[in-house]
Amino acid sequence: MASLRPLSRGPFLLLLIFFVFSLSLLRPIQGNGGSDGGGGGEEFSEELLLKPLPDRKVLAHFHFRSAAPPSAANGRHHHLFPKAIAQLVQKFQIRELELSFTQGRWNYERWGGSDPISTRNAKPPGVELWALFDLPTEEIDPTWKNLTHALSGLFCASINFLESPTAYSSPYWGFLSNNGNLRYGALPREAVCTENLTPWLKILPCRDKAGIASLLYRPSIYKGYYHSQRLRLLSSESKGIILEQTLTVVLQPNSYTSSLLSSSDAQLQPSWSLSQLFKKEMTGKCVLAKSSKIFLELERGLLEKIVEIRDDSWSNSFFDLFPSPDREIKELENSNGQVGSSLYEYKVDNSNENKPLDVGITWKLPLVWSSVHAPFQASRFLMGSGNERGSIAISLQSTQTHDQYFGDLNDCTVPVIVLQVVPWYVKVYYHTLQISIDGKPQTLSDVIEKIQVTPSEDKLLPGTLEIMLRFPCSMLSATLSLDFDKGFLHIDEYPPDANQGFDIPSALVTFPNIYSSRSYPDYDVSDDSSLLHNLQEKYLVRSYTEVLLVPLTTPDFSMPYNVITFTCTVLALYFGSLLNVLRRRIGEEERLLAKKDSARPGLVPLLFSRLSSKLKGRKLLLKVVFVALVAVVWHYFLNSS
Amino acid sequence: MAEIRPYWALAAAAALGFRVLLLILFPGDLHLGSRPEVATPLTSLRRLSEGYWLKQSSMSPYAGSMYHGSPLLLPILGPLTAERTDGQPAHFYCSLLFVVVDFVTAMLIRATGQKLLLSRRQSLEYLNLPKLVKNSANINAGDLASLIYLWNPLTIVTCLGLCSSPIDNLMVVLTIYAACSRLAPLAAFGYVLATHLSLYPAILILPVILLLGYGPDAPPAKLFLHKSSNSDGKDPSNNDESRSAVTTHKPVRCFSRRPVVHFMIWVSIWSCYVLFLCSIYLKGLGGLQEMFKKTYGFILTVGDLSPNIGVLWYFFAEVFEFFRNFFLIVFHVNILFMILPLAIRLKHRPCFLAFVYTAISAMLKSYPSVGDSALYLGLLGLFANELADMQFSFFLFFGYIGVSLLSPVMHNLWIWRGTGNANFYFATGLVYSCLQTVLIVESVSTMLKHDRMLRKHVIA
């Protein structure tokens, strides 16, 4: 009997194992969120924020967030979180990383400069990459090089150009305060296109097959005025790895209705909807996403106008939002009693193939408003002409919005941090730094609070200037200028289109005391919308300046042989003639000449006699024959082999 | 040739006055400091003030590949180049200092010339060539050379052009003067500083040793031997007189070791002292190793390819990376290679040898400027008597004028207007090198001819 027992237990155990196994197999498929505790708590959420801009354009901000809580299996097995990214974080010990691909320039004046969307998502043109490492200082640079290669493989971009030490820098406090473990690099000329988007979408669990990402219709997003695709990684012991992928596009809607109406009134905003912008409607969420929402944001400036007529905020005499939102989330009014912006939430869960969701806005009356500006608008330009020297000027123009940021104007000052990285062939003279406020030159020590210069080394290091300035709040404009000499490069160091010029990456202007954040009193933590969470986070207001194009003189690329031969000829001339002068002994030559004059035969007989005298020895003849023989044999040998 | 001496003081004062006048009339408007012909990456005062600024903000002055000069110049010139707020134009005092430096250089050239003249007169008298002495007695080479140096437009441009070459030139001239006067400590001081400032004067060690050992220039030693044997044999009646002459001249032609040994000891003392000062100044900022790498290393590897009056910048901008080291060696060995043949052939004329070395290094150095040409053209004046029948002098004179007029034009066409290209400017550099070659070769051959002529006179 005892021997029969295990036999009867066997099928039951097998069944149990099969059941558990099938459950674990099913888990990733049914794992919509971490509610069932499956998938190791990995989460994914997708959100889209739409916002009409004052200049008749539309901002669409896609936000995807994946999180992998700390677990032993990180980097080996994942349910939702992209394994490649987890391995990247593990291998290179990344604490924070941000990679952005941008095309076009964010228009700070029209699209806003101090709201959370613009401070986070306005990026310099081209590629920008920065990373904070959790490594000892001496290992950071090699790790950075490996990281750039890994990323360039992952995203099909030439991020590996950031590997060379001339391309990246390590700012101390101008970008983020850190203790030497930050590396920052930018490639202003990198062209961004769909080959960078495809690998970026591959990281998403549903790719662009379902959910919000399915809206990414390539022709319409690359037709936009601004396109910035961003990837941000945060990793910590307690929270695990958080991956945020955002895509920000500024589009120009052109619908039939708006074009008809705008002919009668140019000021009327164009009406738009998802199907018009992206040629697609929402037909259900990505099933793996925990939450899937679309927000439509109306700015403070816009709402202020509507509040005056005490109308319903989403369906009024100016415009209609359609369909009507599931919820309205209002921003907390600020201390002056001004209205805040509003978010209108649409849940994608309710939509399906039969009942698609097509969020949009229809304008009925023209409305003019302006977006929220940063206290100063930064721009940068080159001065001087010619290819020998010039100067870089960074100018800050006040946007006349002091009352929003500072209370008393009389003795208030505003700190501004400028980070400027210049490649080594732009040789900046840091002692020529000049700062003028409202056109009046200032003594540097009065304005500069902190300065950190890392001068460039030829072919080794870019120059980095980090400077913290303190300006009076009532200032209208300020200008920083630095003189530089243009370098002359070796013929191989020029890019293929040398005459186009060289790009200086954008400077970054940060306002360390001014934060962009919104507070939503109705916001519910249980909502767990990561986009809302981000909007509420405190974030420094920063703005990037333009990329500068510096033309450098070129040598003649077709000349290397000529130059080498000419120079060597001159040298040979010098060497030969000087040695000749030193060697000559005029007296002896004269004596020799005198001797020869007495009995001088003609040139031909002389040559003949010399030749015959040499041939008489027979040795030479033998030598000549021998050499000829060797040559023939050699030739034969070479040909046969 | 008219008598220069009475007018010398007047002409020199006029030259200095002219400089000060230019300085006052165009305060900073001449922009000579940014001309590639005047200021090189090694000597530019703009770079020096960047180095000074870096030092003031407690960074190594060599950080940033800007400054490549000596650390000793920083505390001297640095404060003078810093921006002034009390109304005086920036660099005004610095330029005034360079005017003084130019004056001192001219005085030293003049003193050297007088020493040379004395030695020449003595030796010619000993060789019994009164005709030659009389011919040349009126040309005071020292006065002429110092006036050439002071009134040379290249010197004036260098002086006002905000570069440190006047100081380099002063040190070279000081070395030659002190060696002529057999002042071993001073010669060692000049030699060490000149080498420290611009490396190339290191090759002057041979002429300096010859000067200290044999004394200033004289006709070849063979002639004296010939003369003394002749006078011993042929002229018994005149025996006493010639013997006394021999005894007076004997130390001139004998190699005396004492000053040379002194010189060597002083060189080591001064170089230790200079290195000590440098290491104090650079304490905690990279030290001497960085200094050598950024000064001598920068000179030897031709790291900066910005255009200058020479030919090497374009050569190294165009040459294939693979051959770069080979050609670096070739160009530097070219300078060294000629040292020995010249020293063997011209050992009786160490001062002239020093001039030839200076001219060769001015032509072949990695960052040449017109300041170097100003120096050797000034020294050329010292040998006005010997080189009186030099060939091609007309061609050379107008060649120099042509190049110095064309070079700024070509540079402007290429850099500022963009209508020319680099080859235009490089061509003037090539022509300039050719001119210098012709000058060097012709002066050497004329000097050798002169010696031959003396020999003929003595034998005849």
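Placement of Cβ uses the backbone N, Cα and C atoms for every residue, glycine included.
Annotation source TrEMBL lists transmembrane segment at B:7-26 (among others).
Listed by sequence, the residues of this chain that lie at least six past the ends of the transmembrane segment (B:90-111) yet keep a Cβ under 8 A from its Cβ atoms are 8, 12, 15-16, 19-20, 23, 27-28, 33, 45, 77, 80-84, 142-143, 145-147, 149-150, 155, 159-160, 162, 166-167, 169-170, 173-174, 177, 181, 378-379, 381-382. Here TrEMBL flags B:90-111 (among others) as transmembrane segment.
The transmembrane segment feature in TrEMBL is assigned to B:199-216 (among others).
Annotation comment: TrEMBL describes B:263-284 (among others) as transmembrane segment. If one looks beyond the transmembrane segment (B:263-284) by at least 6 residues along the same chain, the residues whose Cβ comes under 8 Å of a Cβ in the stretch are 60-61, 70-72, 74-75, 179, 184-185, 187-189, 191-193, 196, 208-209, 212, 290-291.
According to TrEMBL, the feature transmembrane segment maps to B:296-316 (among others). Remote same-chain residues near the transmembrane segment (B:296-316) are listed as 36-37, 40-42, 65, 68, 198-200, 324, 327-328, 331-332, 363-370, 407, 411, 415, 422, 425-426, 429-430, 432-433 (criterion: CB distance under 8 Å, separation of at least six residues from the stretch ends).
Counting same-chain residues at least six beyond the ends of the transmembrane segment (B:322-344), those with a Cβ under 8 angstroms from any Cβ of the stretch are 200, 203, 206-207, 210, 300-302, 312, 315-316, 353, 356-357, 360-361, 364-366, 444. What TrEMBL records for B:322-344 (among others) is transmembrane segment.
Residues or ranges marked as transmembrane segment by TrEMBL: B:351-370 (among others).
Summarising the annotation, TrEMBL assigns transmembrane segment to B:390-410 (among others).
Per TrEMBL, transmembrane segment is recorded for B:422-441 (among others). Taking Cβ pairs closer than 8 Å, the transmembrane segment (B:422-441) reaches residues 307-311, 314, 356, 359-360, 362-363, 373, 380, 392, 395-396, 399-400, 402-403, 406-407, 410-411, 413-414 in its own chain, all 6 or more past its ends.
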